[in-house]
Structure formats: C-alpha cells, structure tokens
Amino acid sequence: TSAGHHQRCNSLFAALAVLPFCLGCRGSSAVFSLISCRRTDVLLVSPWLAPIVWEGTFNRDILNAQYRQKNFVVGVATFAVKKYVRFIEGFLGSANKFFLSGHRVNFYLFTDHPEKVPSINLAPEKRLFIIPVQNYSRWQDISMNRMDIISNHIHSHWRYEVDYLYSMDIDVQMFEHIGVEIIDTLVGTISSWQYTKPRDSNSYERHPESRAAIPHGEGDFYYAASFYGGSVSEVYKLTTACFKGVTEDRANGIEAKWHEESHLNKYLLYHKPTRLLSPEYYWDEELIRPRIIRVKRLSSVRKDLQEVRF
C-alpha cells in the first residue's frame, strides 16, 4: 500500500473514530467495537474497510465480555508430520497459556506419529484431539494437502463441533495473548515480509498458467498461510477452493511458487477478509523487527529448514 493510500484510509477512519466503543456497548458488530484508534503510525483499516488488528487498537476486556455471551467454540488445526513432531510441545504449551485464554478451544493435531505427542496439561476449557494422518515423501505435498484435509474434516465433523476455525503452523510459539480480537468471518494475517518489499515485489504466483496466479499490478496484502481462519463455513469455502486450484495445477504439471500459500493469496484477493491481523500475529524470525511491531504475539521457531524437511 502506498503512503498516500495509507493517509486516505487513516483519514477515513478518523472520521469514524467516535463510533467504536459506543457501538460496542450496544453489542453491535465487532468491526468497529474492535478499534479505539490510538495508533497513527500504521494502517488501521483496509481499503475495503476491514479492521487491521494492532497492539493499541482494541480493548480485550470489552471484546471478552461480548464474546463470552456468545459461548462460541474455536477450533485450531495444525500438522506435525515427520520431524515436525519436535515442535508439538512448544506449540501446545504456549497456545495453552496465550491462545484465547478463558474461551473454549479444540486443538486438532494431525500427525503421523501419535505416539510421540507429549502429555500436556491443558486448561479446563481446552481440548486436544490427535488425528493420525498419512505421510508424504515430499514436504511440499504435506503442505499442499493440508487444505484438502481441513476441508474434509469440516464437512464430516468440525461444522458440528466449532463455530470458528483457524489453521496454524506447528513450528511457532506464542509470547503474548492472542484473544477474541482475531474472531471474524474471514481472517487473514499480513505477512511480516509485507513491510520489507514494495507491493509488486511480493511473492505472489505470477505465472499465468497457475490457478494461483495474480497479475502484476494486482494484490492488496501478502497473507501468511501460517495463520488464517474465520467462521467454519467460510474456512470450508476457502480450503475447498484452494485445494481445487492445487489439484488443477497438478493436473497441468504446475506447482505454485509458495504452494498452498500462493493459492490462499489468490483466494483472499477476490474474497476479501473481514478482518486482518497485523504481522504481530506471525512474525518471521529471519527479519529484524521494526518499531511498529510493538508486540510479538506469535513467531516462527528458528530452525534448519533443510534438516527438518528432508
């Protein structure tokens, strides 16, 4: 996004700044009850008026009061296949402490080594479901088949069990609370690399033959596949459409540049998220953290990718 566009969006939001907590007190949509507009150094709202969640832009106490009345259940799907089982303990331990504390959460852990899942004492409102999954010879196939597995489980089970569903990488840890400010119909997380490159240098799939292709000059934000979600029905649409694109690419001998993440970005370009999470919600440890990232809520675990993937 350009500096001029940033300024226009913030000016628009300033005109609406009197609304947030007044609407929130009446129990209206969390789109405006989310934001208190205390930041001027970052983009607070997308061009299509979806809130962008940063530290200092919401009051979690107000949001918790709203959402406890709804008594919702959130599902988290994550995959620990092959050597990635080593990240289970760190993920679940930090998620138990920091992810939606005080709210009901079902963790759905897919693994090819159920016997290696460590015993972790979860909070009373949180449950762990261990689901055996087949192994694949290539890590790329593991990555690209996640969408299909999630879609199938929504159709068969999860639509009856949870209200919202999020897909998260297993090789991450949480360091600060991640709460109900993430809840909305369709949620994408802005990649931490978004702030290191101009828009047209983002890692979109550009080859027109791919179903994930985004033409030059198009694109809003670059979204990380490490953390996305929303209502169960919307995540079902997303994962079904993305895996369809993966399947069609495979039939044509094509593999998108960043696998399922490329297809996710194509989907979210034409199906705009109703809420965006700032890079606070997935920070890549390869990058130097700028001042605008006041809180690192979740970040990747440092590792040797060649060692863990092969």
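Any Cβ shown, glycine's included, is placed from N, Cα and C.
From a predicted model like this one, the values you see are computed outputs, not experimental measurements.
Neighbour density for Glu261 (active site, nucleophile): within 10 A of its CB lie 24 other CB atoms from the protein chains shown. Here TrEMBL flags Glu261 as active site, nucleophile.
For Asp171 (UDP-N-acetyl-alpha-D-galactosamine binding site), the count of additional Cβ atoms within 10 Å of its Cβ stands at 22 [all protein chains shown]. What TrEMBL records for Phe79, Ala80, Val81, Tyr84, Asp169, Ile170, Asp171 is UDP-N-acetyl-alpha-D-galactosamine binding site.
Applying an 8 A CB threshold to same-chain residues 6+ apart, the list for Asp169 (UDP-N-acetyl-alpha-D-galactosamine binding site) reads Thr78, Ala225, Ser226, Phe227, Ser300. Residues annotated as Mn(2+) binding site in TrEMBL: Asp169, Asp171.
Summarising the annotation, TrEMBL assigns signal peptide to 1-24.
In this structure the residues listed as binding UDP-N-acetyl-alpha-D-galactosamine are Phe79, Ala80, Val81, Tyr84, Asp169, Ile170, Asp171; their two most distant Cα atoms lie 11 Å apart. Rounded to the nearest whole angstrom, the C-alpha distance between Tyr84 (UDP-N-acetyl-alpha-D-galactosamine binding site) and Glu261 (active site, nucleophile) is 19. Val81 (UDP-N-acetyl-alpha-D-galactosamine binding site) sits 18 Å from Glu261 (active site, nucleophile), taking the C-alpha atoms as the reference points. Put simply, Glu261 (active site, nucleophile) is 15 Å from Phe79 (UDP-N-acetyl-alpha-D-galactosamine binding site) when counted between their Cα atoms. Of all the Cβ atoms in the protein chains shown, 21 others lie within 10 Å of the Cβ of Ile170 (UDP-N-acetyl-alpha-D-galactosamine binding site). For Ala80 (UDP-N-acetyl-alpha-D-galactosamine binding site), the same-chain residues that are 6 or more apart in sequence and have a Cβ closer than 8 Å to its Cβ are Phe87, Ile88, Phe91, Leu109, Phe110, Thr111, His113, Val117, Ile170.
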